[in-house]
Amino acid sequence: MAISSKEQETKKVKISVDKNPVDTSFEKWAQPGHFSRTLAKGPRTTTWIWNLHADAHDFDSQTSSLEEVSRKIFSAHFGQLSVIFLWLSGMYFHGARFSNYVAWLSNPTGIKPSAQVVWPIVGQEILNGDVGGGFQGVQVTSGWFQLWRASGITTEFQLYCTAIGGLAMAALMLFAGWFHYHKAAPKLEWFQNVESMMNHHLAGLLGLGCLGWTGHQIHLSLPINKLLDSGVSPQEIPLPHEFLINRELMAQLYPSFSKGLVPFFTLNWAEYSDFLTFKGGLNPVTGGLWLSDTAHHHLALAVLFLAAGHMYRTNWGIGHSMKEILEAHKGPFTGNGHEGLYEILTTSWHAQLAINLAMMGSLSIIVAHHMYAMPPYPYIATDYPTQLSLFTHHMWIGGFCIVGAGAHASIFMVRDYNPAENYNNLRSSSRHRDAIVSHLNWVCIFLGFHSFGLYIHNDTMRALGRSQDMFSDTAIQLQPIFAQWVQSIHTLAPGNTAPNALATASYAFGGDIVSVGNKVAMMPISLGTADFLVHHIHAFTIHVTVLILVKGFLFSRNSRLIPDKANLGFRFPCDGPGRGGTCQVSGWDHVFLGLFWMYNSLSVAIFHFSWKMQSDVWGSVSPSGNVSHITGGNFAQSAITINGWLRDFLWAQASQVIQSYGSALSAYGLIFLAAHFVWAFSLMFLFSGRGYWQELIESIVWAHNKIKVAPAIQPRALSITQGRAVGVAHYLLGGIGTTWAFFLARIISVG
């Protein structure tokens, strides 16, 4: 195939910057609202403070220059990284200064992790519970101790050094953010050079990042963990640098080290299989993945990403062009296919962000599930409070990211989308949006009525004493046969479809019970009718969330009801009376509604996880091998009715948080109570009439005028949108706080 001269042309990569584009001025920054002419004039009404918060980070509203917006985002990313390094440094510092890490390291099954000792001011020292080893403190459930163990950290001094390193990196990032905005700001074409960006992120960030971590794991983590696993005390283990410079020391633990790099260059790579393993399953000593497996995994990823980082065409005429790849995509029903997509993704950061948030959100939810099915760090599997916390945390993060994807998709549609440039291509999926939305709606109605209907049927039959007519494992069975089939093929894989694996990828699928310190780390998770029922509730709530978000961005520019919606903007309360309902139709309102359904989805998912694990996985193992689970396997019979969920999960397991007063867990009792109040407070904003408050304010202002203490800034009721924002924020904050206290008080007591 002949290549035209146009295709051979490559965009020469130039580092192009503007020198000193923006002055560094503390005087300017000290003025509230300096980024907006209107806000800089100062407050006339109380609405000013709301607009200040709403617009401070809305760079689109501050300038129409894409280059300037790009620079602000780029600079803000360095600020974000600085905060992350500061937070990391704080975590490591707490580990070094206030924790019982070294004691935990010598007895990880008998001592609980703690890195916070509460000062006695008026009796708060009650919160310092006995975590074992003579240490009194607040039990932490973050998983840091297990991560440090996997990294090969054995002393507080190492934690101190890392904390100082984190501070140095935070300062460097802060400087970089200032430098690349005020001293040398990249030009727009630098931000739009996607091939270079892909190559650098794939090869540098992911490829070299994985390679660096592999090196750390092989040279430091593996030998130190091998010695710890075999019972050597942390004090007797050689210092980390000795493993780096003393090959004999390494060769005692991993004989292939004595051969150096000869096997690598002679392609006898199998020689290295003593530290790059493919075992599968879990380390029976720690209940975590084999660290030699994870080193091998990261090495493989490094190779993949380093190769991927050489795929895109830059200064040399070889490799892919992103625009050509996209425009080659043409399906039978999508007209010009992906034509125009390259222009969208290089000129709309909202479109980019929407895709990235959806991907990262989904990835976070995948991480949540892998953390318990394949526990990656030593002793994390038997630390039930940490397992529950990490699952819940990653589910929440994922949910917020996915709703954020819907938000930025709508903002893209309203602010950045140009219909003239997107005729007859894939982006005109808005042409068949009615089919998409009505099908989703039908799916939601079907799933909702059928999944809920199965529970209602069971509740009714149980109330009538007709247990033989219920859907259950002992009466009318609804077994999840496809899930059970997936479990069985994974269990049978080692030696068959995965010929080199010694054990299954996860014992959740089947196989042995792995116990550490007489506690279950992981075991086969049997699925039955109760799981089948609740999985259809998951399907229902997830599809409703998707319906709201997808309808939101597909109709964010126009609809039959409001054809000129794009002119009204991303958020507006209503579009006047007289045409049916024109309130709650903006892109923003769909995000608002989507957040509630995201909360519904995740609550059911984390409740399902918490109860299922306590009922069917977590528990103690007797010397004879009998397992007694925390709630004695009650999930299969109790979780098949609404009443069972209310009585045997919510009510039965809330006893610990409700009765926590006067114990080390009493803070959770207070948080449980306070978070309920925060949640109830949200309802005042969600069921509110704006006019009611404005009338009330007028009366209060009249009274102030009467006694001549009227404020200079005129009080205003919250706008409808502001009220909804305050409402949903407190609803979610209250809900998350309540769940946090409920879960932790329970699992710290019984786990």
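One is the number of the first residue shown, and numbering goes on along the chain from there.
Backbone N, Cα and C atoms are what each Cβ position is placed from, and that goes for glycine too.
Database features (Swiss-Prot):
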TRANSMEM  73-96  transmembrane segment
TRANSMEM  159-182  transmembrane segment
TRANSMEM  198-222  transmembrane segment
TRANSMEM  294-312  transmembrane segment
TRANSMEM  349-372  transmembrane segment
TRANSMEM  388-414  transmembrane segment
TRANSMEM  435-457  transmembrane segment
TRANSMEM  532-550  transmembrane segment
BINDING   Cys574, Cys583  [4Fe-4S] cluster binding site
TRANSMEM  590-611  transmembrane segment
TRANSMEM  665-687  transmembrane segment
BINDING   His676  chlorophyll a' binding site
BINDING   Met684, Tyr692  chlorophyll a binding site
BINDING   Trp693  phylloquinone binding site
TRANSMEM  725-745  transmembrane segment
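On the structure: features taken from Swiss-Prot.
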residue	record	Cβ within 10 Å
Cys574	[4Fe-4S] cluster binding site	15
Cys583	[4Fe-4S] cluster binding site	13
His676	chlorophyll a' binding site	15
Met684	chlorophyll a binding site	12
Tyr692	chlorophyll a binding site	10
Trp693	phylloquinone binding site	16
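Listed by sequence, the residues of this chain that lie at least six past the ends of the transmembrane segment (349-372) yet keep a Cβ under 8 A from its Cβ atoms are 69-70, 73, 380-381, 387, 390-395, 397-402, 404-409, 411-412, 415-416, 508, 522, 553, 609, 613. Within its own chain, the transmembrane segment (159-182) is flanked in space by residues 20-24, 71-72, 74-79, 81-83, 85-86, 88-90, 92-93, 95-97, 101, 148, 153, which lie at least six positions past its ends and keep a Cβ under 8 Å from the stretch.
Nonlocal intrachain contacts for the transmembrane segment (388-414), taken as residues 6+ away from its ends with a CB within less than 8 angstroms of a stretch CB, comprise 141-143, 344, 348, 350-351, 353-355, 357-358, 360-365, 367-369, 371-372, 545, 548-550, 552-553, 556-557, 565-566, 569-570, 587-588, 590-591, 594-595, 598-599, 601-602, 605-606, 609-610, 613, 736, 739-740, 743-744, 747, 751. When each of 73-96, 435-457, 590-611 is scored by its Cβ pairs under 8 Å to the transmembrane segment (725-745), the top-ranked stretch turns out to be 590-611.
Taking Cα separation as the measure, Met684 (chlorophyll a binding site) is nearest to Trp693 of the binding-site residues Cys574, Cys583, His676, Trp693.
For the pair Trp693 (phylloquinone binding site) and Cys574 ([4Fe-4S] cluster binding site), the Cα-Cα distance reads 19 Å. Distance between Cα atoms for Cys583 ([4Fe-4S] cluster binding site) and His676 (chlorophyll a' binding site): 29 Å, as a whole number.
Tyr692 (chlorophyll a binding site) is 25 Å away from His676 (chlorophyll a' binding site) when you measure Cα to Cα.
A coil conformation is recorded for Cys574 ([4Fe-4S] cluster binding site) in the three-state DSSP classification, outside any helix or strand.
Residue pair Tyr692 (chlorophyll a binding site) / Cys574 ([4Fe-4S] cluster binding site) shows a Cα separation of 18 Å. Look at the residue listed as 'phylloquinone binding site': DSSP puts it in a helix. Look at Cys583 ([4Fe-4S] cluster binding site): DSSP puts it in coil.
Same-chain neighbours of the transmembrane segment (532-550): 402-403, 405-406, 409, 436-437, 440-441, 443-444, 447-448, 450-452, 454-455, 471, 478-480, 483, 590-591, 593-594, 597-598, 600-601, 604-605, 608, 639-640, counting only residues six or more beyond its ends whose CB sits under 8 Å from a CB of the stretch. In the three-state DSSP scheme, His676 (chlorophyll a' binding site) falls into the helix class.
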